[in-house]
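First the structure, in the form of structure tokens, and then the observations on it.
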Amino acid sequence: MARHSFFCVDGHTCGNPVRLVAGGGPNLNGSTMMEKRAHFLAEYDWIRTGLMFEPRGHDMMSGSILYPPTRPDCDVAVLFIETSGCLPMCGHGTIGTVTMAIEQGLVTPKTPGKLNLDTPAGLVAIEYEQDGQYVERVRLTNVPAFLYAEGLEVECPDLGPIKVDVAYGGNFYAIVEPQENYTDMDDYSALQLIAWSPVLRQRLNEKYKFQHPELPDINRLSHILWTGKPEHPQAHARNAVFYGDKAIDRSPCGTGTSARMAQLAAKGKLKPGDEFIHESIIGSLFHGRVERAAEVAGRPAIVPSIAGWARMTGYNTIFIDDRDPFAHGFSVA
């Protein structure tokens with residue numbers, strides 16, 4: 001029998017949790033972070049489920065594990081873990097991870113105020129603002145984002161037939177905008193969105209193929225982004241992003257905001273240099289910006305950036321003990 005210990009720094013980004021594993025993570029094989037991600041999923045996924053699910057976590061829990069970079073142009077590598085699996089990229093997770101890693105001295109940037117992250121989705125460039133010991137703001141320049149498909153038809157429980165656009169911003173998102181059978185996220189409860197989203201996701205994945213043209217391992221739709229009119233006076237739009245099995249992102253969602261900007265840019269509603277302020281279901285804001293035009297395997301794309309803040313909430317030494325019948329976690333349907 002064995003007891004495995006994990007030293008974690010807990011915090012949140014604009015309201016959504018981030019658990020940074022600062023000690024206890026496994027050594028992983030692979031020459032890239034995508035290969036290391038595959039090794040983790042094949043051999044160590046019990047760490048993810050044990051730390052993310054109940055009784056040590058909860059339905060909204062997400063986190064990260066730090067590793068030495070696999071490429072010379074990066075300061076540190078990050079593996080993202082959450083209840084839904086190991087995401088190739090996580091925007092709110094990046095902002096929280098960078099904030100806590102800098103404040104706790106877990107990462108020493110080569111250039112103060114700047115950091116390059118090695119993620120499974122690719123290089124993510126970071127700029128951060130620090131006041132004394134505290135990081136007040138983080139801006140990440142994400143991987144290229146693009147509109148993948150428009151007007152995909154799918155049957156949604158209770159609502160009936162709806163159409164969605166699918167965009168990539170580090171993960172694939174189905175974007176639900178106002179239409180005949182859907183008005184605004186505010187017209188439905190969070191419980192309704194949580195009930196409909198996994199069915200919608202399953203039906204879309206069964207009916208359509210979602211394949212990143214350059215990254216073979218990114219081959220399914222993972223998130224649903226429900227849109228709405230903003231309530232905050234600075235915001236351009238509001239969203240409720242569904243992920244995992246029953247979670248609504250409390251932050252505006254970084255990769256979701258990237259996907260949304262890519263969708264709007266593809267339709268001529270955003271251009272390089274434009275800002276896009278995205279509001280979450282709890283009213284927190286991410287400040288997005290279209291940095292420049294790009295291309296992914298011949299497909300028009302943008303390079304988006306996202307700025308937000310995070311706060312540390314405490315330290316946590318977590319045991320995963322083989323004697324515990326719930327060592328690897330559980331989720332109640």
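Glycine too: its Cβ is placed from the backbone N, Cα and C atoms.
Keep in mind that what you see is a predicted model, and the values were worked out from it rather than measured.
Taken from Swiss-Prot, the feature active site, proton acceptor covers C90. Among the features that Swiss-Prot reports, substrate binding site is placed at G91, H92, D249, G254, T255, with the record citing similarity to another entry. Residues or ranges marked as active site, proton donor by Swiss-Prot on the basis of similarity to another entry: C253.
Features as recorded by Swiss-Prot, highlighted on the structure.
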residue: C90; record: active site, proton acceptor; DSSP class: coil
residue: D249; record: substrate binding site; DSSP class: coil
residue: G254; record: substrate binding site; DSSP class: helix
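Between the alpha carbons (Cα) of the residue listed as 'active site, proton acceptor' and T255 (substrate binding site) lies a span of roughly 6 Å. Of all the active-site residues listed (C90, C253), C90 has the fewest other CB atoms within 10 A of its CB. Its Cβ taken as reference, D249 (substrate binding site) is surrounded by 28 other Cβ atoms within 10 Å in the chains shown. For the recorded substrate site, residues G91, H92, D249, G254, T255 set the reference point as the centre of their Cβ atoms, and the other residues of that chain within 8 Å of it by Cβ are T13, N16, C90, G93, T94, I95, G170, V241, S251, P252, C253, G256, T257, F286, I306.
A C-beta separation below 8 Å, combined with a sequence spacing of at least six in one chain, links G91 (substrate binding site) to L140, N142, G169, G170, S251, C253, G254, T255, G256, T257, S258, F286, I306, G308. There are 35 other CB atoms within 10 A of the CB of T255 (substrate binding site), with all protein chains counted. Across the residues annotated as binding substrate (G91, H92, D249, G254, T255), the two Cα atoms farthest apart lie 11 Å from each other.
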